[in-house]
Each structure stands twice: as structure tokens, then as C-alpha cells.
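Annotated in TrEMBL:
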BINDING   Pro84, Met85, Ser86, Arg87, Gly88, Leu89, Gly90, Ser91, Ser92, Ser93, Ala94  ATP binding site
DOMAIN    65-137  domain 'GHMP kinase N-terminal'
DOMAIN    203-275  domain 'GHMP kinase C-terminal'
Amino acid sequence: MKVSVPATSANMGPGFDTLGIALQIKNQVVIKPSKFHSVSLKGEGSNNPALKDNNMFISIFNDFYHNLSTKRRNFRFEFYNEIPMSRGLGSSSAVIVSAISSAYAIEGVELSKKKLLNLALAYENHPDNITPAVMGGFNVATVQDNEVNFIKKDMPKNLRAIVVIPNRPISTNMSRKTLPYKYSKDDAVFNLSHASLLTAAFMSENWEMLRIASLDKFHQKYRMKQMPELFEVQKTSLKAGSLMSTLSGSGSTFFSIAYAEDSKKIERELRNRFPHFKIFTTDFDNYGVRVEK
Ligand SMILES: Nc1ncnc2c1ncn2[C@@H]1O[C@H](COP(=O)(O)OP(=O)(O)O)[C@@H](O)[C@H]1O
Ligand SMILES: N[C@@H](CCOP(=O)(O)O)C(=O)O
């Protein structure tokens, strides 16, 4: 059995804890019944031996598997990870979503994407990564009474994402603690109006509006101060022709959207300026988590 889950970029500027989009960067796990428990890791995290013993995937998988099954089978878990950890590309959401999906699939128990999303919420209480990880596409999401309510929009083929992945991680939990406890009414109205405009721009495919609509006063500047080079990344990307350029989730990755025909030039300019960062262009994912039995 094989499960794959896309990376996600959350917030998208002003949509703190609300907006998120799925990318064609994936984590994949292959699970096979086996005499003994074993784990193999390729790609991101493979240089971290602790992940073989103390793995968030295995612990969430076991929570669900032990609830769903009376049998005590052992498995071999083969992880192929493309999503870098603690870089603001939703690696923790991908793990949560794939672990829950895997436990249901291995037991042959039906699980709707809507139920999966609400189960994932118990492990990550902001819906902006888990929603696109499950559904794919661009998503607006809110939580009411422990349920995620969302609207999804498929991304068109003429746009690309350009990601700039710094060599230093930022932990989401730590980074949330650096944000202000309270915001002024002016800042609240600023973000409300920009997040609304950004959502309307995606829904109506008014891409020229993104540059203004993606401005934020809630989180980016506080987080980017930890890595001041990110201000230059944003400027370079916008100057080279990106439609928008925002901190991805809690960082450290910077995420830009551009027309497909402009994306390679933007990628080239970013690479010239920031040779020590990992920089590439990718498509959007419109499907979300995928289970192959
Ligand atoms: N492939 C993975 N396998 C196991 N655990 C992972 C994996 N990816 C992420 N994690 C867990 O999630 C943590 C990173 O979560 P977080 O700080 O929210 O970063 P991100 O922005 O990438 O979601 C890691 O420290 C690790 O505990
Ligand atoms: N809204 C959250 C998003 C965190 O995304 P991640 O990919 O960094 O885990 C936040 O801004 O804290």
C-alpha cells in the first residue's frame, strides 16, 4: 500500500491560519506487512537516525491502527520524503495526514477526505496546511465546533510556484511564540481586507491583484527578522516578475507565484542572488492525499 501527500504553503501573506495551497512536492510512504517492525528513510530526514526510532508518523499510525484493529501485525515502513522539515512547507501536516490515511487503508476501513481532515485537526489545530494537504488546490478554511469548513479552488496550469528554501530551519511552534499577542484595529482591518481580496482574486483568477492583496501585517515581518535575508528574497522575486511572494507558513521557505512563462527567469535571478539556498520551480497539486492499495 502506498500513500502520498503534497507539501503545502500556508498563510499566503495575510491569510494567517486560514489560506493554504498544495504543491507538487511530495512525501510518500509504502507499507508492507512484515515479520518484524522496520523503517527505511530516503530523501529529507534520511540523515537523522532519530527519525527511525522516534517517528511522529509511526506514533500517529499506531494510535489509529490500534483503535481500528484487534490484530497486532508488524509492518515495514518505507518513507520517500521530498518535503524538507521545519521549512514552512507543511512537513508536519503531511506526516499527520499520511499516518491517519495509512492506518485506515491498511485495515481496509473507508475514510472520506472530510473525515480525514477533521481527524487531522486533533494533531494540528490550524487548518491552513492540513486542508490543502488533504484536498489539493488553493483553500480557504476555518474551524467551527472542531470541524473544518473550507472552499477549494483548483489551480490553473498557466501558473507556477517558485520556492526558496534556506539552509536553516524554523520551528512552527517556536515561531508562533514570537508573534504579538494582540493586534491594533488598523492592522486587523488591513489583514482582513487583504485576505478577502486575495481570496476573491484566486476565485476570480484575477492574478494581477495578488501583488497588493498578498500584503500582511500579522506575522511576516516578525518572523522574517529572524532571517533578514528573506526581505531581499521577497524584493528580488517581486522585481523579477512574481505575482506574489510571501513567507511560506512560519518559514523559513519563501514562496512565490508567477506566470509559467516568467517562472524560469525569476528562478534564475533568485539563484544568482542566493546561491546558498535551494531554489526551484514547481507545479501546484490539485488532488491532495492519494492512497493506492
Ligand atoms: N517526514 C517526517 N517524518 C517524521 N517526522 C516528521 C517528518 N516531517 C516532519 N516531521 C515532524 O514535524 C516537525 C516539523 O514540524 P514544523 O515545525 O511544524 O515544520 P513544518 O513547517 O515543516 O510543518 C519535525 O521536527 C518532526 O518532528
Ligand atoms: N498558520 C501557521 C502555518 C504554519 O505552517 P508550517 O508549514 O510552517 O508548519 C503559522 O503561520 O504558524
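Cβ atoms here come from the backbone N, Cα and C positions, even for glycine.
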Select the most exposed residue of Pro84, Gly88, Gly90, where exposure means the fewest other Cβ atoms within 10 Å, treating these as the binding-site residues. Pro84
For ligand 2, the binding-site residues of Pro84, Ser86, Gly88, Gly90, Ala94 whose CB is under 6 Å from one of its atoms are Gly88, Gly90
Could you tell me how many residues in the domain 'GHMP kinase N-terminal' (65-137) are helical, how many are strand and how many are coil under DSSP? 37 helix, 8 strand, 28 coil
I'd like to know the mean pLDDT over the domain 'GHMP kinase N-terminal' (65-137). 96
Students should find that the Cβ of Ser92 (ATP binding site) has, within 10 Å, a number of other Cβ atoms equal to 21
Taking the centroid of the Cβ atoms of Pro84, Met85, Ser86, Arg87, Gly88, Leu89, Gly90, Ser91, Ser92, Ser93, Ala94 as the ATP site, which other residues of that chain lie with their Cβ within 8 Å of it, listed in sequence order? Ala7, Ile83, Gly249
If the criterion is a C-beta within less than 6 angstroms of any ligand 1 atom, which of the binding-site residues Pro84, Gly88, Ala94 pass it? List them in sequence order. Gly88
For Ser86 (ATP binding site), the nonlocal same-chain Cβ neighbours (under 8 Å, six or more residues apart) come out as Pro169, Ile170, Ser171, Thr172
